[in-house]
Each structure stands twice: as structure tokens, then as C-alpha cells.
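S.K.: Pulled these from TrEMBL:
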{"type": "TRANSMEM", "residues": "7-24", "note": "transmembrane segment"}
{"type": "TRANSMEM", "residues": "30-53", "note": "transmembrane segment"}
{"type": "TRANSMEM", "residues": "73-95", "note": "transmembrane segment"}
{"type": "TRANSMEM", "residues": "101-125", "note": "transmembrane segment"}
{"type": "TRANSMEM", "residues": "132-150", "note": "transmembrane segment"}
{"type": "TRANSMEM", "residues": "162-182", "note": "transmembrane segment"}
Amino acid sequence: MKLIKTSFFRAITAVIVGVLLITYREEIITWLTISIGILFFLSGLITCIIYFVTRNTESSEMNLDSAKSTPTFTPLFPLVGMGSLLLGLMLALMPNSFVNWMVYILGALLILGAIGQYVSLASIVKLVRISIFFWIMSSVIFLIGVVSIIKPMWIASDPLLIIGWSMILYGVVECVDTIKVMNTRRQITHMMNCQLSPVDDALEDYANGTVQESEVVETTKQREE
């Protein structure tokens with residue numbers, strides 16, 4: 001759940017940055033660069049901290065979850081979060097050096113964000129059917145990021161406007177993807193708990209001496225079938 005919250009926070013940060021780029025794209029001055037840097041830094045820092053805390057917590061509970069056969073979801077390495085942290089630090093500390101490179105930097109961040117969305121979708125594609133809409137939106141974000149780096153002249157008319165809208169699109173898609181992943185995990189956990197319930201009850205009755213061992217074995221076989 002903590003990782004879900006960081007995804008929403010990262011998405012909101014992207015939307016805010018997109019709005020700033022659209023609104024003040026003709027006034028890209030030091031304070032705006034520093035503001036964007038601080039937003040990226042906070043987003044990346046919180047994402048990385050929660051990732052390591054969640055990973056350590058899940059590692060300590062792994063044996064208990066395995067004993068209960070409860071599905072566990074290993075948190076993905078925060079690639080986008082790490083990139084946001086480093087980018088934010090550089091923008092906040094050296095704003096004047098990065099104003100001319102803003103388009104390239106934001107394009108690279110869009111690419112990292114799209115890759116992160118691909119990884120999130122791939123983690124649940126074997127468990128639930130994913131609409132092609134999710135893949136198309138992530139691909140659009142990825143392509144805009146690539147174009148802004150390799151062929152910036154294609155968006156030379158107003159690159160920050162295009163990237164600003166792309167950041168907003170990324171934020172919206174990230175929210176939708178996160179909700180999709182969250183619902184999928186809840187459904188899988190609910191299904192596993194429903195399957196385990198009869199076996200757990202039978203084991204408890206056997207421990208209390210109210211049922212025979214053969215009945216416990218039969219209940220286990222029925223669940224496996």
C-alpha cells in the first residue's frame with residue numbers, strides 16, 4: 001500500500017510540473033527551474049525511502065506468508081524515483097547550468113517513466129487481461145521522450161508546451177495504472193484467502209481433536225483440485 005501511495009504522489013508531481021511548464025514556458029528562469037528540481041527531488045526521495053522500508057518489511061514477513069501460502073508482491077526497484085531524485089538535486093543546486101538542457105532532461109525522465117509503466121503492467125499481465133489502451137498511452141509518452149532527445153527539432157515550435165502536456169499525460173496514466181495494479185492485487189489476495197479458508201479451518205479442527213487426519217487430507221486435495 002505504501003508503494004501505491006508513492007505512485008500517486010509521483011503522478012501528482014508530474015502533473016504539477018507539467019502545469020508549470022505549460023504556464024511559464026516562456027519564462028523559464030532560475031526560480032522555476034529550482035521549483036521543478038525540488039518537486040522532483042522530494043518525489044524521488046519519498047519513493048526510494050518507502051521502497052527500502054517496504055522491501056525490508058516484506059523480507060521479514062516472507063516466512064510467515066510462505067507458510068500460509070499467501071501471495072506476496074515484491075516491490076519493483078524505483079527506477080523513476082531514483083532518476084527523479086538525481087534530476088531534482090541537479091536542477092535545484094545548478095539551475096543555470098540546466099536551463100538550456102531542460103528539454104533533454106525532461107525527455108529522459110519521460111522515457112524512464114514510460115519504462116516504469118511498462119514494468120508495472122508486465123508484472124500483472126499474466127494475472128489479468130490488460131487493455132491495449134494502457135500500452136498505447138505508455139508508448140506515446142515513451143515516443144515523445146525519445147523524440148525530444150533524438151529529434152528535438154520535430155517539436156521545436158514549442159517543446160516545453162509539448163513536454164508539459166506529456167508530463168500531465170504521464171501523471172494521469174500513472175494514476176490509472178496504479179489503480180489497475182492495486183485492484184488486481186486485491187482480487188488475487190481475496191481469491192487466495194477464500195481458497196485457504198477451508199484448509200485453515202480443517203487444520204484448526206484437527207488440532208482441537210474434532211476431526212480426523214483423513215478429513216484434513218481430503219479437504220487439502222479438494223482445494224488443490
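Placed from the backbone N, Cα and C atoms, the Cβ positions cover glycine too.
Please treat TrEMBL annotations as automatic predictions, because they have not gone through curation.
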S.K.: Take the C-beta pairs under 8 A between the transmembrane segment (7-24) and each of 30-53, 101-125, 132-150, 162-182. Which stretch has the highest count?
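M.R.: Per the Cβ under 8 Å count, 162-182.
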S.K.: If we skip the immediate neighbours and take only residues 6+ beyond the ends of the transmembrane segment (132-150), which ones have a Cβ under 8 Å from one of its Cβ atoms?
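M.R.: Cβ under 8 Å, 6 or more out: 103-104, 106-111, 113-115, 117-118, 121, 159, 162-163, 166, 169-170, 173, 176-177, 180.
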